[in-house]
Amino acid sequence: MNIIRLERTGPLNGSVKIQGSKNSSLALMAACCLSDSPVTLSGIPDIYDIRVICDIADDIGMKTVRHPNGDITLDPRSIRHADIDKEKASSYRASYYFVGALLAKFGKVSIGFPGGDNFVSRPIDQHIKGLKAMGARFEFHEDHYTVEATKLTGADIYFDMITSGATINCMLAAVLAEGRTVLRGAAKDPEVVDTAIMLNEFGANISGAGTDTIRIEGVRSLGGGHHTVIPDRLIAGAFLMSAGIAGGSVTVTDVIPDHLGSCIAKLTEIGLQFELRDQSITAHSTGKLKATRVRTSMYPGFATDLQQPLTALLVTAPGKSIVTEKIYPKRFQHVPQLRRMGADIELRGSTAFIRGGQPLAGNWVHAADIRAGTCLMLAGMAAEGTTCITGVEHIERGYEDAIGAFRSLGANISLEQVDAAHAEEKLRIGSVQP
Ligand SMILES: CC(=O)N[C@H]1[C@@H](OP(=O)(O)OP(=O)(O)OC[C@H]2O[C@@H](n3ccc(=O)[nH]c3=O)[C@H](O)[C@@H]2O)O[C@H](CO)[C@@H](O)[C@@H]1O
Ligand SMILES: C=C(OP(=O)(O)O)C(=O)O
């Protein structure tokens, strides 16, 4: 099995080109099913989740070609059915977008339950409620569910909470539905906006994406064309944090600085300095970090996907920090791992109380999800000695080449193969801190 090995890292210096957004790519790839002509997407990252989508596309008959320049062309004209392999659908989170994207054309979609990072509870009731309002009927089975609709009709949908997944899924279903759909309490995330922009480029009639009310007038068909996915703001945010942990200056290029507003504001409070340009951001360490409080919230608030890497940074900031997770109250699988490295963190409900500035020591630790992996890579840069991280497959769901990028900045990081039993034993006996 693969592990990531890290040694304490001196100042980082250099720049990293940020890959296309995972979460946007997952929506865009599924959205292509709505078109009646080929679509070419630029910037889609070569990551595990995307490879699964290409597999699913292949199964249902949508030809996909990855060109030498990295672009992907998808041809929805040859889709034969909407019976999605259960296991493939359950191996990542956003498989539910195939429901919204295939329902109008096929009248019935059969699919496995969404997988993805395990935060104990990730309900899909808002997807169900929204699609039902448009005329869909759901049936739930042990390992899959089916969604049927003889006809999809526009509806007025009030979400009970802000959800990017349900906003995008209902938007996809509404594009070819009859009449007008209004999504109220919609998510404003850049990934929602990116999806709406692409669909409009191909002939959809969506207005208001990026606000909390999205209106979609159903159209009869969509054409194809070309679209470039937005950059991954979550990966960019984690690289900016690495300058705070290891020192030095890190530039992220090919980004949209506006998408990182709340992250930059929080990192400035903590003591980093920033230079913002049109498409790049440089984070400078000032050598001084301050404790802070943070509460995650939906865009434009501080993203839950940045909570875990931020926690690593706060563990190194002297003083008491308080991190409250409002989106996934149990998203703390990184905390026991940070404790194994000597971090002083107490968890009470959905809040982590951090006494920062204690020395960290390398250890064997396990990344249970993508951002726990980011968090542990950052912590490993600050820890004395060697840190070995298992669960690399989770990191690979989101990052094209995290190791290469951190190495290019000067981090002491490598991918190594070890015997699985050896890793398990090391994780079991590691020097667990009280
Ligand atoms: C593939 C993808 O894009 N994943 C992202 C997406 O996940 P995902 O789309 O699953 O997350 P949502 O934005 O839908 O979830 C936001 C909140 O709404 C709740 N909720 C959501 C749907 C629903 O039907 N019922 C319900 O209660 C969730 O439990 C959560 O508390 O947004 C999350 C929140 O920014 C990010 O952490 C994930 O990286
Ligand atoms: C939670 C995440 O991903 P997913 O929703 O795909 O599990 C993430 O990217 O941090």
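Count begins at 1; order follows the chain as displayed.
For all residues, glycine too, the Cβ spot is worked out from N, Cα and C.
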Joining ARG93, ARG122, PRO123, ILE124, ASP125, GLN126, ILE327 at the UDP-N-acetyl-alpha-D-glucosamine site recorded in TrEMBL, out of ASP71, ASP75, ASP305, is ASP305
Checking the recorded positions ARG93, ASP117, ARG122, PRO123, ASP305 against ligand 2, those whose Cβ falls under 6 Å of one of its atoms come out as ARG93, ASP117, ASP305
The answer, for which of the recorded positions ASP117, ASP125 has its Cβ ringed by the most other Cβ atoms inside 10 Å, is ASP117
ILE124 (UDP-N-acetyl-alpha-D-glucosamine binding site) to ASP117 (active site, proton donor) - Cα separation in whole Å: 14
Secondary-structure category, per DSSP, in which LYS22 (phosphoenolpyruvate binding site) falls: helix
